[in-house]
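Undergrad: Below you'll find the structure I mean.
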Amino acid sequence: MTDPFCVGGRRLPGSSKSGPGKDGSRKEVRLPMLHDPPKMGMPVVRGGQTVPGQAPLCFDPGSPASDKTEGKKKGRPKAENQALRDIPLSLMNDWKDEFKAHSRVKCPNSGCWLEFPSIYGLKYHYQRCQGGAISDRLAFPCPFCEAAFTSKTQLEKHRIWNHMDRPLPASKPGPISRPVTISRPVGVSKPIGVSKPVTIGKPVGVSKPIGISKPVSVGRPMPVTKAIPVTRPVPVTKPVTVSRPMPVTKAMPVTKPITVTKSVPVTKPVPVTKPITVTKLVTVTKPVPVTKPVTVSRPIVVSKPVTVSRPIAISRHTPPCKMVLLTRSENKAPRATGRNSGKKRAADSLDTCPIPPKQARPENGEYGPSSMGQSSAFQLSADTSSGSLSPGSRPSGGMEALKAAGPASPPEEDPERTKHRRKQKTPKKFTGEQPSISGTFGLKGLVKAEDKARVHRSKKQEGPGPEDARKKVPAAPITVSKEAPAPVAHPAPGGPEEQWQRAIHERGEAVCPTCNVVTRKTLVGLKKHMEVCQKLQDALKCQHCRKQFKSKAGLNYHTMAEHSAKPSDAEASEGGEQEERERLRKVLKQMGRLRCPQEGCGAAFSSLMGYQYHQRRCGKPPCEVDSPSFPCTHCGKTYRSKAGHDYHVRSEHTAPPPEEPTDKSPEAEDPLGVERTPSGRVRRTSAQVAVFHLQEIAEDELARDWTKRRMKDDLVPETARLNYTRPGLPTLNPQLLEAWKNEVKEKGHVNCPNDCCEAIYSSVSGLKAHLASCSKGAHLAGKYRCLLCPKEFSSESGVKYHILKTHAENWFRTSADPPPKHRSQDSLVPKKEKKKNLAGGKKRGRKPKERTPEEPVAKLPPRRDDWPPGCRDKGARGSTGRKVGVSKAPEK
């Protein structure tokens, strides 16, 4: 065998393996490199012996086996057959200069006109370029120069790089002596005269219509992919096979009968002017509307129930009917047809099936099956031997027929149905229960009723089981009274009752027009439900905007969200201002904010006080709003705010103001000593008090982080809390206290008894502490008294803020400046503070503040003997907590 590592019997360079064979020690001779490998069948000299060329296993260059072995692609020179050309350094430098000048490099070999956009591409090409050796393959010459190329792509690159500004010369048409194969579509701008027939092997795309003046004979079937308009009738001599449905837009006259072997779908109504003879059964899957009376010459067997929406006039007299027991498979009509019946069908069947006028009805107002007229949906067996009866005559054999059809002789049934009868479930009897109005007073039951209605509509083709049908057969024979049957009262034509009755006849149930959810199977049951439903709808309707809701919870939420300031008529009539406040408080708790009810005002408030303040001013002109006024004592001008008044006094009247009247409140301070904002405006007192409280909270949070609580003593010592006294609690009637305690037990809260005070507390002790400082009552409220000066305040925050601003140096005391030895101060200073003073006055955290010796002596606190009697015990009592609010006072 030939060595797989050699080509054409030659040893490849770099291979040292010997080929397999019978003689494993065979030697091989390396041949010189030849440009042309040995041809197939040529003898090869190997090892001094002439070996015939092996055609099947000799890898000829160009064959697939040779390509796989060498790993080279077609069209490239083989590395084994060609030595790579060396490139001198000077030539490389020339290429670099040329590339810098023109951005491309041209092959320097004569006869080669290729250009490359990179030096690496030219280097690879130059090592393998054969120059003019391939001149016989240069079939694409350049029309502007002497260059020639082997492919059209190379010619296009050359033209774009060198002759871009010169237009292409027009090609001259030459005579075609041989057939030309056209592989791509050719655009033809002028008509081409064809003298001989042209054979077309492939389909030719025609974009414009071609006028044909002579008939064209077609030897093969021509597939038509697009619709071709036909203006003249095309005579068809042979049958044409139609594989796809052909839409017919115009009427086509048919002179001969057309045999239809397959079903033809009819999507539009087809007018039939002549009678069509039907020899086979036609299955009708959809209901066919019949607008004209159809004459039926033969009886039509109906296997399924037929819904009849209008009364059918019967021209012939029907013989007396018999009682028929309906099995489950036969009773496919709606349930109302099998169990209930209206008055209209009972009246229609009076002359055919005589029934007594007075019969007992079920509890829910439904008519029993004995009063039911036989519907045309069932095929009843009739006695053919009985003669026809006139409408006015009473059938003589009616009683005997009814007696014969009693429960003693039931009709024959299918034994297979009787075998499986016990497996069927008996449907529950309709009780006619109405939804209750108690509880949440909502329509929550309507959801279940709606689900039941959906299930009933899907199962309304199923009737009651055979047990129900057996129960509804009268146990005793019916006796027909001799009196004429009482005429049935029909509702007025076109009235709602007639529509409901018609709906019961057609669908087996009628929908309540009030709620459009609940359905009833009898007119009496529907009326009974409508009475309750109307009350339910009225109770669940918003009294302000008349919107309807399904539950009481939804109505309450809507009222709170949209009409929070508008109480309902019932609530407005029952309660007064207190009830209205409670209602608004509940709305605020549930909704989070209160909206202004005025039209065009979208203000919302998160507090009851802000809402009531806005209500007193919303929609009123400024003159009607009773705002406070601050008159100037110098010029008489009035201002709406104290800040505006103070600014006017400081800017216009620099002289000191006259003495203030004696009746001025003691808590009012000098306007010149108030704090200002960085912009120069007077800072509001409420804002200053709020900042003070925030500082206290921050100090507490800072002290809570330390492992030892001593830092809090350094920040705010206990002596600072004893520089003012709280007012004493008022003496109250024990009976009044007991009444308040009972009110807290019942309601959970108690209101302030003073007029125009809206304070509310959850404990009697909190209310008592509030009454000590409430200024809206008839009694004189107690004051918070500063122990460092004779000023009094109505709130604890006011006296704290006063001490912070006026007596700031008294908040921090050091051993360098011990407090005066006063009996009141000795009793007020705790033991802990005394130990600190004796220890040498070392304090952690803050540098002691030195007091000037010029401090006035008037800053000393007054003697305990000068305090009011009610404040002695208060001042002597030390406060250990951070802050004791008014609601935390102990109850006496």
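From the backbone N, Cα and C atoms, a Cβ is placed for every residue, glycine too.
When I checked Swiss-Prot for this same protein, it listed these features:
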- 8-19: compositional bias 'Low complexity' (COMPBIAS)
- 371-384: compositional bias 'Polar residues' (COMPBIAS)
- 385-398: compositional bias 'Low complexity' (COMPBIAS)
- 418-428: compositional bias 'Basic residues' (COMPBIAS)
- 819-831: compositional bias 'Basic and acidic residues' (COMPBIAS)
- 832-849: compositional bias 'Basic residues' (COMPBIAS)
- 850-876: compositional bias 'Basic and acidic residues' (COMPBIAS)
- Ser409: phosphoserine (MOD_RES)
- Ser686: phosphoserine (MOD_RES)
- 1-82: region 'Disordered' (REGION)
- 323-473: region 'Disordered' (REGION)
- 562-582: region 'Disordered' (REGION)
- 649-682: region 'Disordered' (REGION)
- 812-892: region 'Disordered' (REGION)
- 421-427: motif 'NuRD interaction motif' (MOTIF)
- 105-129: zinc finger (ZN_FING)
- 140-163: zinc finger (ZN_FING)
- 540-563: zinc finger (ZN_FING)
- 594-618: zinc finger (ZN_FING)
- 630-653: zinc finger (ZN_FING)
- 750-774: zinc finger (ZN_FING)
- 784-807: zinc finger (ZN_FING)
Undergrad: Please spell out the DSSP helix, strand and coil residue counts for the zinc finger (594-618).
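TA: The zinc finger (594-618) comes out at 10 helix, 4 strand, 11 coil.
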Undergrad: For the zinc finger (105-129), which partner among 140-163, 540-563, 594-618 gives the most CB pairs under 8 Å?
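TA: Looking only at 140-163, 540-563, 594-618, the most contacts with the zinc finger (105-129) come from 140-163.
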Undergrad: Would you mind splitting the zinc finger (630-653) into helix, strand and coil residue counts from DSSP?
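TA: DSSP composition of the zinc finger (630-653): 11 helix, 4 strand, 9 coil.
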Undergrad: Which residue counts does DSSP yield for the zinc finger (750-774) in the helix, strand and coil classes, in that order?
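TA: Tallying H, G and I as helix, E and B as strand, the rest coil: 8 helix, 4 strand, 13 coil.
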Undergrad: In the zinc finger (540-563), how many residues does DSSP call helix, how many strand, and how many coil?
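TA: With helix first, then strand, then coil, the zinc finger (540-563) has 11 helix, 2 strand, 11 coil.
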Undergrad: Would you mind splitting the zinc finger (105-129) into helix, strand and coil residue counts from DSSP?
TA: 8 helix, 4 strand, 13 coil
Undergrad: Report the mean pLDDT of the predicted model across the zinc finger (784-807), rounded to a whole number.
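TA: Within the zinc finger (784-807), the model's average pLDDT equals 83.
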